[in-house]
Structures are given as structure tokens and as C-alpha cells.
């Protein structure tokens, strides 16, 4: 009798929906969930209370029982928007975007009106698979149901556009939004930064500040990336100072971004200091430092960092290995480059980015055939892949092969861009193919509607000047109003020196001085021209300018790998312990070359 009374009291207690919800929230085992499920079925609560059904599904999802959650969902005789949303959340947390989209379609088919949460989560599911078309269809439906100005829905659409590379669409939508929160602003800043549109990222950040929104860590990360891409040291250091002053947590992601930013703006020593002070380092952190060394021409340090990284148990990822390949390219370390190639094939799947880095490395190390072999094995070749191979042949001055590759690229329905034509024109310039260079320059403008940049004009002027057609090159400079482009005048002056055209060279040299170059190399070129023309007053003037500017030419150097060790030789460096022996070897080689040449004649 007492037991029956106790059971009845317990039964009445559990009939309260709040009690059931409490039990669901603290249940961490499947058997507890199934017991509650059985109880609510027996009491009819599953039929009468949609909140209980929703919470039961959520409880299943919380403990990872996705299939059981779906079983509960499917057995419900009636399903409202809250129940659908609960099941969608379970699939979202379980990283199953396809099921989210199927549930959304089922919901629409059953004529159940979605709410803000439904649209937001469904668009996020489209983002997971970068299904832009489906995402736009969901967005249209959201507009139809009156969620055009819902900040959560709009924010998810902005994110989808950004991740799918639809920057213009994102900007248009952002401009039409009636209300914007900090998440929307952050999405725009970080989206443009990650897409390499750093100026836009900074522009939106400044607008964000003007609107009175605070700066969080995510925005700061976007700004650090933009600072590095733009080479804006002042902004990068300002962000670093802000992070320090405000006491925002300096976790490994923030510190790695600082290393990356300082390396990109050329402050590699600061990047090294930030890295050395990091409490925790990841493979990504090491990759940023190694890439930084490579970008700043410190190949030896890049190699040393890779060795240290591996000794500490970190395995380099593809980003790190690309940085090592860049270092190999700088010093012509073919042996190390091949080792990296083998490591990639053994540990990673070769993607297009890494393949192009390998092609570039082999080309700069003199193994052009290896570059072509990798190129041929790339499955779906994109524009970057074609441009890289064209550039590889261009470096070696193989103009005819560049033209052949260009034609194959267009036959593959790949549209060339400004970089393609820059490589094409450069190769033709080094090959001395003037008529072909002029032809393809015209094709670029008339057929592909690409407006020539300064780089294209430099290639064409260099092409004409190398061939001795300096008057024609000068006419082009004047007709195209290129008189303020320093690299163009330098290319013209080089041609004048080679072909001893003193009249045009005098014009070019004086124009270069008017543009006030800060490069000691360019000033030396001008001085050498005046010396060739016996204009010693002008020579003295240029040399005085060089002294007054307190400019010091960075000595040229060459590097070669000998028995696995990198040897570097500085110009006019007499400190090497085998200096005199090397000079003797060079003299012997010079004698042998002279003998061979005289024999050929």
C-alpha cells in the first residue's frame, strides 16, 4: 500500500513537463534517455507536448546518439518547426550537412513554415559543402517568408558568399541590410582579408570603427592578415599594440598570425622573437616562420628551422613544405628540393598548389624537364598551373615553347590573364622574338581585352631595347605616356648601353635621375652609361648623389650546394680561406674556355 502511494506520487511528479525536461538535460547515458522516452510515450506526453519532443531529440544529440534522435523524430505523429529545428541542430553538430538540407526540403514539402533559426542553420549547411546554388535558393525562400532583414540569416548568407568567392554579391547584400551587428562586420573584414583583397578589408574595418563597433580577436586576425598582404608595417604594429594594451588573450592562433604578418612586411627578426616567446607552438606556427625565412631570402635559416621542427616531433604540413621549396628555389638546392618532393609523395596527397611550387623549384634549379613532368601529371590544370609552367619556360628563355604552351592552354578553354601575358612577353623578350612579342601584345589588348599594366610595357620595351630598336621603344614610351614609369626607362637604358645608342641613352639616363631612384643598382647603371659616353661630369654628379644618399649596395652573392652543404659566396669577399685557390681554378677555366672557343673559330 505504501509502495503504491509512493509510485503514484512519483508518477505525478514526472508528469510535470518541467521535471521531464530537467531529467533530459542531466541524462548522459542512452539507457536513461530510452527510459524517459518510454515514460513520455506511456503517459501521452510525446503526443501532447512539442517541447518535450524537441528536448528529447536535443538530449539524444547531446550524447551523440544521432540515429536514436532520428528514430524519435520519425515516430512523432506531429512535427512543428521547433521539432524540425531540434533535429537540424543535431545533424549540424554531427557535421552532417546533407541531412540538414534533406530535412529542410522535407519541412518545405510538409508545408511547415521555417523560422530564422531554420534558415540560418540550413544556409550554414550549404556553407559546409560550398553549395552556393542551394544556399541562394534557401535565401530566396527566407526573403519570401519575411526574413530579408533578419541579422542572423543575413550574416549566414554573407559568410556563404565570402567563402564561395562571391565578394561583390556579399558587398551588395551588406549594403542593403537594415541592421548590422558585429558578426556581420567581422564577416566582411575577415572575408576580404582571406580572399587577398586587403584594401577592402581595411576599408570595411574603418567603416566598422566609424559605426562604433568594438574590435574583437577575429577582426584583429583579419587585420593582421591584411597588414601582411599589403606590407603595411604601421597597421600591423598598431594591431599588435592594441592586442597588448587591451589584454586580449594571446593564444597560439593570434601569435602565429603575428609571426606571419611580421615576416611578410620584412621584419623577420621581430617575427623570430615573437615565435621564440610562444608558450605553445603548432605545425602551423613553424610553417609561418619557415615560410617567412624563405620569403625574406634566408634559405639557410628556413632549412635549419625545418630540422629543428622535426627534432621536436612536429611533422611539416604542405604549407611548410611549400616554404621549404621556395628556399630551395632561391639557392638552387636541387638535392634538398628532391628530398622534399619525395617526402610529399610519401606523407601527403600532392595538390595543385604544391605541384606548382615543385614546378617552380625544379625550373629555378635548372631541372626544367622535371617541371614539365610534374605539369603533365597534374589532373585538372587551372590557370595558376598553366601560368607557372609558362613562367618556367620563360625563365629559361624558351620563347617558342612558351607560345606552344599558351596555345595548348587556350585550346583547353583556360582564359589567360595578365600574369599569363607577362610571362609570355618576358620569355619572348629573353628569346629576342620581337615580332611575336608585338603580335601577342596586340592579341592581349584586342582579343582578350586585357589593359596592359606597367609590367607588360616593361616586357615590350625590354624586348625592343634588347633587339636594338631603342628609337621605336622611345616612341612607344612617349605615345603611351609612360614617362613616369622608372622600370621602363631602366629597360630602355640597358638596351642603349648594350647597343651603344648614346643619344637615346642620354634621354633615358636623365629621365631616371629626374625620377630620383633610391636603388643603388639603378644609379650604378646610370653612372656606367655616362662613363661609356665619356660624360665624366655627369659620372661625378651621380656618384656624389650616391654618397650623399649614404646608400650602400647590398653585395651580390651566389649559393651552391656541395656534398649536402650550402656554400654562399659574396661579391668581392676576400675572407674565404680558399680564396686564392678558387681564383686559380677560375683562371684555369678561363684559359680552357678561350682555347675551346678559338678551336671552334
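Yeah, the Cβs are placed from backbone N, Cα and C, and that goes for glycine too.
Per Swiss-Prot, these features apply:
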- 488-563: region 'Type E motif' (REGION)
- 564-594: region 'Type E(+) motif' (REGION)
- 80-114: repeat 'PPR 2' (REPEAT)
- 115-149: repeat 'PPR 3' (REPEAT)
- 150-180: repeat 'PPR 4' (REPEAT)
- 181-215: repeat 'PPR 5' (REPEAT)
- 216-250: repeat 'PPR 6' (REPEAT)
- 251-281: repeat 'PPR 7' (REPEAT)
- 282-316: repeat 'PPR 8' (REPEAT)
- 317-347: repeat 'PPR 9' (REPEAT)
- 351-381: repeat 'PPR 10' (REPEAT)
- 382-416: repeat 'PPR 11' (REPEAT)
- 417-452: repeat 'PPR 12' (REPEAT)
- 453-487: repeat 'PPR 13' (REPEAT)
- 1-80: transit peptide (TRANSIT)
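Panel annotation: around the repeat 'PPR 3' (115-149), residues 81, 84-85, 88-89, 91-92, 95, 97-98, 100-101, 104, 107-108, 155-157, 159-161, 163-164, 166, 177-179 of the same chain, lying at least six beyond its termini, place a Cβ under 8 Å from a Cβ of the stretch.
Helix, strand and coil counts under DSSP for the repeat 'PPR 5' (181-215) come to 26 helix, 0 strand, 9 coil. Here the repeat 'PPR 8' (282-316) has long-range neighbours at 252, 255-256, 259-260, 262-264, 266, 268, 271-272, 275, 322-324, 326-328, 330-331, 333, 336, 343, 347, 559, 566, 568, meaning same-chain residues at least 6 beyond its ends whose C-beta is under 8 angstroms from one of its own.
Panel annotation: around the repeat 'PPR 4' (150-180), residues 116-117, 119-120, 123-124, 126-127, 130, 132, 135, 139, 142, 187-188, 190-192, 194-195, 197, 200, 211 of the same chain, lying at least six beyond its termini, place a Cβ under 8 Å from a Cβ of the stretch.
For the repeat 'PPR 8' (282-316), the DSSP-based tally of helix, strand and coil residues reads 26 helix, 0 strand, 9 coil.
The average pLDDT for the repeat 'PPR 6' (216-250) in the predicted structure is 84.
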